Structure formats: C-alpha cells, structure tokens
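In what follows, a single structure is set out as structure tokens and then discussed.
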Amino acid sequence: MSDTIAAIATAHGVGSISIVRLSGERALEFALKLSHKTKLTPRHATFTKLFNQNNEIIDEAIMIYFKAPYSFTGEDIVEFQIHGGFSVSEVLLEELVSLGARLALAGEFSKRACLNGKMTPLKALNIQDLILSKSALAAKIIARNMQGNLGELLEKIRTDLVKTLAFVETSIDYADDDLPSDLLEQISTMCEENSKILKEIYTLSQSKKGLIEGFKIAIVGKPNVGKSSLLNALLSYERAIVSDIAGTTRDTIEESFKLGTHLLRIIDTAGIRESKDVIEQIGVALSKKSLEDADIILAVFDASRVQDKEDEKIFDLLANTDKKIFWILNKSDLENVFKNTQNKNFIKLSAQKDITLLKEELQNYLNSFDSEGIMVSSLDLINACKISSEAIFRAKGLLEESSLELFAFELNLAINELARFTKDFQRDEILDEMFGNFCLGK
C-alpha cells in the first residue's frame, strides 16, 4: 500500500459539487503542488486555486487534509471539493495521475481502512449496504447495525468459542484427566445459546430481507385476466401492453415502485396455460420461476368469466406455497359469473378503475414487518451465521458423545466463519472479492 491512490468520490454527472479523494504517503505532497501552498493544517478547510504543472488554473476548491492515522483509511488523505460537472473532476484526476498517483480500484479506500484497522469488514459491508439502501427503513436498519451492536454480538460469540476451543484442545492433550461434569454442562449450554442466537439472526434476516432489498411481488394468473392492467395501475403509468388478445405478455416484466415507506419490486408474468407456442412456453416457465423467487404473490382471476381448467391450474400451482398470497377477483365491475369454489378471501376490484383496496391490504401487510431485532443484508454474512450456527449445534452433540477432536473441528469452523467479519485479516483475495463491488472513491 505504498502507492497513493486517487478517485472521484461523488456520482458522475452534472451537479454543484464534485469531490476528488486522494490517499497515501504522497497525498500531502500532491496537494501542496496543486495549490502552491507550503503547508496545510489538518482538518481545516482551505479555500484555494488549483493549478496544473503548466501553472494553468484548474479550478477553485475547498481542500481538506486529514493527517494519518486520523483519517478514513488511516493514511494521509486530501479531499478536493470542486465544481461539479463532467470535465473539471476528470481534469483534476488526470493531473493527480500525472504527479504520480494511481487510479483507485473499486472499494480500495475501504479496503485500506480495513487493512489499517480503521474498521472491521463487517462495518465496511454495512457502509456499502447503506449506500445501496433502497428505502428510509432499510437505511434505518443498516445505520443501527453500524453502531456496533451486531459486531459486538458476533465478536462475543467468537470469543466464547475461542476460549472453549482452547480449553478443549488442552483437554485433548491431557486425555487421561477427566473433565469436570459441570464444566461440560456449561460448555454445552454455551453452544446451545450461541447456536440459537446465530440461527435467529439468519432466519430473521431471510424472512425480513424485503425490508432492505425491497419486497418481490409476482402477479400470476391465466392469460387475459388483467395482470398487465393491474401492473400499470400499481405503477400509476402504462408499463405493459394491455390487449384483449390472450398471451400478449410473453416475457416477465419487472418494475419498482414505492408504497408508503416500502420499496416493491413487482413482476408481471406471462399468463400460465397450456400452449404449443415455443415462445409462450418459455414465458410460462419464467413465470413459474418468478413465483419461486417472490415474497408476495398476487393471484388474479377474472370475475366476468366462468372458472375453468386454467384457473384450477393456478389454484393447484399455489396450493403448497408458503408465500403470502393476495387473491384478486379482477373486472368486478362487470357481471360476476366466477364461482368461488375454493373459498378464497378475494379482493374484488377493477384494475382499470380503482385498486385502492388492494393497496391498503398490501400496505397493512407490509407494515406488519417491524424493523426490530438484529438483521443483516449481506448474503455472505447471512450464510456465515447459518454455517456457524449449524457447526456449533453439531459440536454440542459431539461434546455429549465425548468426541473432543470432532468437537474442536466444528468449533474451529464456526470461529473462522465469524472471524471473517469481526477480525482484521490479511487475505487479499478475500478482501478483493469483498470490495470489488464497492464504488470508486469508496
């Protein structure tokens, strides 16, 4: 990390301000050359002109110097606040490169912060999640995680496991000495409690991931029941073609919209029916895949048409799902000839006239998901909690069987999974994978 890196830290495009960030051993040197200053006071905003090596002015800027180790990365950092737009920040960045800086890789500032002990990998993930959060509620959950509650809990569990492992491995070396029975009971209880905590974290995170990612909603029904009309009504604009011709929608259409504070990702699927049309068959297959991925299903039926075998197939398709289903009887403004043989609690509406009742029902359901409890949005961390929980649970059983070597193996597995997020580490390939999806300048 001896080189000095530079990047534009703000989004590209026209705006009032752009920020260019510089980090590394030569950051102060480059800043002094650009500004023609002889010194900079750390943490003080300095208004200055910036010049290129031909002594031509680049822009006027506010320049802030953060002296190591009291900076985001733990290195010397200089931030240039300049005028926004497409060109000025690029010109400044090119000048920094000509002075000897290197263009930063995606997430490299955060990676350096981790390597220099300024933050844990877990906090870095939380920062990235906060940047990408899609709703105010998601931001609230992630900001709460950043306060350290989750990190402290995971580190406490890891520390408990390390202490236990140290004792057990010592006991393996001195196998002739009997372990006190009450100590075995304490270890067993510790394993049970920590396994349960980790299981609660990953199950809660899985069940409420829609709060952070946005709830996926799939609209399903046979052809020509008004699925596309319902999609358009929910979006409040015409996104899908509405036609009396059955099979108009042959592919899945996905859009996002806000309902109250919740982000919804809604998918209009191709009508499900038997068809010899190859393209339509592919659309039906995609529809069934969308149902598997959805958090909520809107099952649409036509009030003006007699229930038939295609309707029955929809009922059969949804019979064993554990997803939340809203049963919708569309076109209820027309003569109602649909017989509710399945005794479903239908919401009666006309997608082309008024869907207020559906929106109210949806919002009431979404509001029932509170944001309390510890939740994580990183799939990698959710999997780590799951793997650790299961390993600790297996270890408890092995302890009861006095299989101490296998007990130690399972505990090691859990410790290593948790340590990836709670402890500093030097494995660059893991860091590269973790920060590869971060923004430039972050």
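Glycine residues also receive a Cβ, built from the backbone N, Cα and C atoms like all the rest.
Copied over from Swiss-Prot:
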- R21, E79, K118, K442: (6S)-5-formyl-5,6,7,8-tetrahydrofolate binding site (BINDING)
- 214-367: domain 'TrmE-type G' (DOMAIN)
- 224-229, 243-249, 268-271: GTP binding site (BINDING)
- N224, S243, I245, T248: K(+) binding site (BINDING)
- S228, T249: Mg(2+) binding site (BINDING)
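With the fewest other Cβ atoms inside 10 Å of its Cβ, the least crowded of the binding-site residues N224, S228 in this structure is N224. Spatially, by CA atoms, the binding-site residues R21, E79, K118 include one closest to K227 (GTP binding site), and that is R21. Within 10 Å of the C-beta atom of E79 ((6S)-5-formyl-5,6,7,8-tetrahydrofolate binding site) sit 22 other C-beta atoms, taking all shown protein chains into account. Neighbour list (K118 ((6S)-5-formyl-5,6,7,8-tetrahydrofolate binding site), Cβ cut-off 8 Å, at least 6 residues apart, same chain): P69, S71, F72, T73, G74. Looking just at the domain 'TrmE-type G' (214-367), the mean pLDDT is 78. Within 10 Å of the C-beta atom of K227 (GTP binding site) sit 30 other C-beta atoms, taking all shown protein chains into account. When secondary structure is read from DSSP and collapsed to three states, K118 ((6S)-5-formyl-5,6,7,8-tetrahydrofolate binding site) falls in the coil class. Cα of S228 (Mg(2+) binding site) to Cα of R21 ((6S)-5-formyl-5,6,7,8-tetrahydrofolate binding site): a distance of 47 Å. Comparing R21 ((6S)-5-formyl-5,6,7,8-tetrahydrofolate binding site) with N224 (GTP binding site), their Cα atoms are 55 Å apart once rounded.
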